[in-house]
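For reference, the structure is listed below as structure tokens.
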């Protein structure tokens, strides 16, 4: 999870988040190159006397027309690729339904019988030692690693947003509408998120905790909870 001295993203825990991190670094390098070029040209204009031939040269006009188009293409193609990857959901292993309420989440594992629960934030007075304040919940979302999880997101009252940064997931929860997203946790761990839509007075008190565990552990947990 993030800490107070962190400058970059959280460590990626899904293939989509790895792609997003790489695209961020790619775009940042393009922006750095543009800023360096503009700074160099400004310094050149302040220190050198430009002739009329230089100012009116058609070659310069051609360069500053074609170069931005090339930059936009180098940004657009990877961006479109990631958008298609995020939108494509092929044969998910498990379907999870997340319902936003004021101010807690309800989760339904639609592939299992009677596997549903509410997830509330753990009060500070009841927080176990070593757990994170305002981020821990009484019931975590348990998912198996190396499995495609489809998440169907909706809301019961107002707008919410189901977001887990390290998994590269952020989907709005809209009353009367079903939105879907997917993720794949490529390693065991506990991943924290929060509602990312201003949904009322307790907006900052409805966290999301996803725990990725090996398949055998998930099967034991699901059999105990659904029995």
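Every residue gets a Cβ built from N, Cα and C, even glycine.
Whatever TrEMBL says is automated annotation, not expert-curated.
Record features (TrEMBL):
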type	residues	note
DOMAIN	1-90	domain 'Cytochrome oxidase subunit II transmembrane region profile'
TRANSMEM	27-47	transmembrane segment
TRANSMEM	59-77	transmembrane segment
DOMAIN	91-224	domain 'Cytochrome oxidase subunit II copper A binding'
Residues of the domain 'Cytochrome oxidase subunit II transmembrane region profile' (1-90) by DSSP state, where helix covers H, G and I: 67 helix, 0 strand, 23 coil
Secondary structure content of the domain 'Cytochrome oxidase subunit II copper A binding' (91-224), with strand meaning DSSP E or B: 19 helix, 63 strand, 52 coil
Average model confidence [pLDDT] within the domain 'Cytochrome oxidase subunit II copper A binding' (91-224): 92
